[in-house]
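Single-structure report; data block below.
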Amino acid sequence: MGARASVLSGGKLDAWEKIRLRPGGKKKYRLKHIVWASRELKRFALNPGLLETTEGCKKIIGQLQPSLQTGSEELKSLFNTIVVLYYVHQKIEVRDTKEALDKLQEEQDKHQQKTQQATADKGVSKGVSQNYPILQNLQGQMVHQSLSPRTLNAWVKVIEEKAFSPEVIPMFSALSEGATPQDLNTMLNTVGGHQAAMQMLKDTINEEAAEWDRLHPVHAGPIPPGQMREPRGSDIAGTTSTLQEQIAWMTSNPPVPVGEIYKRWIILGLNKIVRMYSPVSILDIKQGPKEPFRDYVDRFFKTLRAEQATQEVKGWMTETLLVQNANPDCKTILKALGPGATLEEMMTACQGVGGPSHKARILAEAMSKATGAAIMMQKSNFKGQRRIVKCFNCGKEGHIARNCRAPRKRGCWKCGQEGHQMKDCTERQANFLGKMWPSNKGRPGNFLQNRPEPTAPPAESFGFGEEIAPSPKQEQKDKEQVPPLISLKSLFGSDQ
């Protein structure tokens with residue numbers, strides 16, 4: 001124990017015993033931890049004498065660190081102890097185990113960055129090309145690395161899922177970064193379907209190749225020794241050139257980027273195909289009455305990507321058509337924002353338009369307006385139709401019998417006879433069965449008594465002693481006109 005305890009002495013031992021096992025904990029490192037570490041090193045077949053120096057601790061750390069992921073808790077504790085002891089030997093102050101581990105990680109990261117930088121500087125000094133897929137090996141030879149099956153699979157999957165929608169073009173551009181004409185032809189040949197579109201693409205490539213030949217005529221005379229021939233349009237398309245020639249053109253000084261030129265031709269043809277597969281014009285993109293504004297904006301910009309126009313024209317379309325083709329609800333909101341509103345402000349302002357909450361709010365406003373108009377109409381109608389009441393007792397208007405000041409009439413208010421009230425009166429008005437109202441008692445009670453009744457006495461009261469006898473024809477006519485009491489003739493006329 002004494003031999004192992006002599007690893008630290010003097011000021012190093014005092015610094016060791018001030019370091020805590022855990023951040024904020026009470027327990028600190030002691031000599032027993034060094035003794036335990038030396039025994040564990042023997043168990044792992046390592047030399048315990050390495051604990052006495054900084055370089056020895058560094059070697060132990062290098063041996064134990066790769067095994068931390070699969071090691072036991074004892075191995076991790078041993079590693080932590082060695083790291084703390086490593087910084088005590090360097091006289092670097094640490095407060096606890098975690099701080100020592102953080103310092104070690106930071107030190108290793110800096111060392112790794114320096115190593116990578118040195119490797120990169122060495123590669124640049126030797127002129128090694130890092131331009132994928134054309135790489136320069138250590139012998140200085142240009143080597144082509146073909147496209148991986150994963151890249152080709154991603155391209156085929158995009159074509160199968162998206163057909164030739166506008167997002168296919170940036171996907172093709174990303175997957176074909178730095179590719180040679182041979183790589184580009186490999187990508188095009190992997191497309192199984194859509195042969196009509198591929199034929200359109202071939203026609204576009206042939207047109208661009210012919211234009212290249214017209215603008216870059218072949219120089220007369222033989223080619224000087226050691227100089228490459230100039231690429232023709234068919235060479236750029238990869239039909240009359242080999243892979244070695246393509247690499248030589250792309251890496252010569254000055255280089256001829258045949259891969260980038262061919263890529264531009266393909267993208268030009270893809271733009272034509274996208275326009276054919278997206279026949280909808282930007283002028284036809286209009287927001288539906290119930291369509292959320294966000295979905296409308298998505299459709300608008302998806303169609304705008306397929307439009308073959310300059311950025312200035314697309315900006316004008318966005319500022320003008322996006323507001324003009326919105327539905328009335330959103331258009332009102334967008335016009336209130338003004339012409340300088342950003343897309344974020346538009347989408348925030350129109351958020352919820354067309355949704356359930358917006359519909360409920362509009363419906364509530366419409367119902368409140370309709371209800372208010374109906375109430376005002378009813379109030380105005382009631383003002384013009386004031387009910388006129390009539391007293392049953394005195395027959396005057398303006399009050400009812402309960403408030404009448406005239407002497408109370410005796411008997412029934414309906415027939416005038418005493419002995420019963422109006423509710424028990426047997427004299428009924430004409431019903432739907434045709435029961436007639438006595439002609440000598442005026443009009444029935446359900447008619448207004450506005451017709452003046454004759455006040456002259458009957459003819460027999462003059463005392464002439466003569467009776468006015470009706471003629472036989474008049475009597476027969478009266479019998480025919482008066483229907484029986486239980487007849488429906490009074491209701492339906494001569495149909496019965």
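Note: Cβ is positioned from N, Cα and C throughout, glycine not excepted.
Residues 7-31 are the range that Swiss-Prot records as region 'Interaction with Gp41', among 7-31, 232-256, 407-431. Among the residue ranges 73-77, 148-152, 378-382, the one that Swiss-Prot annotates as region 'Interaction with membrane phosphatidylinositol 4,5-bisphosphate' is 73-77. Counting residues of the region 'Interaction with membrane phosphatidylinositol 4,5-bisphosphate' (73-77) by DSSP class, helix then strand then coil, yields 5 helix, 0 strand, 0 coil. Cβ atoms under 8 Å from those of the region 'Interaction with membrane phosphatidylinositol 4,5-bisphosphate' (73-77) belong to residues 40, 44, 64, 67 of the same chain, restricted to positions at least 6 beyond its ends.
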